[in-house]
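**Student:** Heads up, here are the entries from TrEMBL:
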type	residues	note
BINDING	GLU70, ASP135, ILE137, ASP138, ASP296	Mg(2+) binding site
Amino acid sequence: MTTIYARELEIAQLAVQRAAILTKRVFREKAKGTVSKDDASPVTIGDFGAQALIISALRHNFPHDDIVAEEEASALREDAKLRGMIWGLVRETKLEDVAAEGLLGRGVRDEADLLDVLDRGKSAGGRVGRVWTIDPIDGTKGFLRGGQYAIALGLLEDGDVKVGVLGCPNLPVDDEAPLDVGIGENQTDEEGRGVIFSAVVGEGAWSRPLGTGALQEGKKIRMKDIADMANASFCESVEAGHSNQSEAAQIAQKLGITKPSVRMDSQAKYGSIARGAGDIYLRLPTSKTYQEKIWDHAAGDLIVREAGGQVTDTKGQRLDFGAGRTLASNSGVIAAPAGVHSQVLKAVQDVLGL
Ligand SMILES: Nc1ncnc2c1ncn2[C@@H]1O[C@H](COP(=O)(O)O)[C@@H](OP(=O)(O)O)[C@H]1O
Ligand SMILES: [Mg+2]
Ligand SMILES: [Mg+2]
Ligand SMILES: [Mg+2]
């Protein structure tokens, strides 16, 4: 059992579980209320609703902690209809277990509070103190197309990830299931799907079914050792704009990997390799200027490392979560079992000319 971060781990998992009730409802009801952000990426009522629910749980339990969250309220201040839809969903979403719901506090009070709660995620992050990172829906494009998505929550202390939680509603519960890329846009059959991955620094990583009430029992997960690269499987983004897929194919060939890549949205990739469903996750920069966001990696980084993996950027440096809201000092991500990471890194650097 966990020791010093037990309460953080419990609250984080319950908050993620409650947020997933909301995102699954939004997916089922097909009224996703998509709006575009400045960078042309989509955000849905699911993203806003999940973020509000998670922040309200953190505000209640850890009122002094900072929060770095992906979304903010400005689009809702100008759009009363969208705001009303989100408020309705947030108000109605509760865990089925009264005691578990009680642990998350009284929730969001009204529409004005909804905006305040969403904007509590604007911390600059950094190297000092406790900072939660929230990606309410990681892989929004995957969410929209019925691919994989993750609700991601991490706790940083002085710039290091101490607790990581990933709720993956569309992944198989079964840790032995093969890599799975989702359910499809018109599917509603969620039978056998929904998993929460979690990790605490120094204590390991777990998976458990993503439920709708109290937390279910967890199991320790470990990465698979790669005996033969020919049989290794690697995952990458579905979106070619998020990771360079042609360079990844060259790297795979150099390593002697024979299987084609598995393209999967979101941090479900980190969870999938952490439980041994896949082996390697490559994220290769597509531009010199894009900086990876800390909420896209904090939970996944810890879960993979606690399951026996190593996570670095393409330069071989650990991901630096203390640099602010972005991984400003890193470039790309290479996640692999510790025993082969240096071999994978070398192949990456050969192909990228580093
Ligand atoms: N040019 C880019 N390079 C790398 N990542 C990018 C990117 N543009 C957007 N992203 C990030 O890629 C995330 C999805 O990752 P993946 O491709 O692994 O599914 C997005 O998270 P959101 O969906 O939360 O916005 C977004 O933050
Ligand atoms: Mg986004
Ligand atoms: Mg994201
Ligand atoms: Mg997101």
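We count from 1, first residue shown onward.
For all residues, glycine too, the Cβ spot is worked out from N, Cα and C.
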**Student:** What number of additional C-beta atoms lies within 10 angstroms of the C-beta atom of ASP296 (Mg(2+) binding site)?
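**Tutor:** For ASP296 (Mg(2+) binding site), the 10 Å Cβ neighbour count is 24.
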**Student:** Taking the centroid of the Cβ atoms of GLU70, ASP135, ILE137, ASP138, ASP296 (Mg(2+) site), which other same-chain residues have Cβ within 8 Å of it?
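**Tutor:** What remains near the Cβ centre is ASP47, ILE134, PRO136, GLY139, THR140, ALA150, ALA152, SER266, GLN267, LYS293, TRP295.
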**Student:** Which residue, of the binding-site residues GLU70, ASP135, ASP138, has its CB surrounded by the fewest other CB atoms within 10 A?
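**Tutor:** Sparsest of the binding-site residues GLU70, ASP135, ASP138 by Cβ contacts within 10 Å: GLU70.
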**Student:** Suppose we draw a 10 Å sphere around the Cβ of ILE137 (Mg(2+) binding site). How many other Cβ atoms does it contain, all chains included?
**Tutor:** 32
**Student:** Relative to ligand 4, which of the binding-site residues GLU70, ILE137, ASP138, ASP296 have a Cβ found under 6 Å from one of its atoms?
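**Tutor:** Within range of ligand 4: GLU70, ILE137, ASP138.
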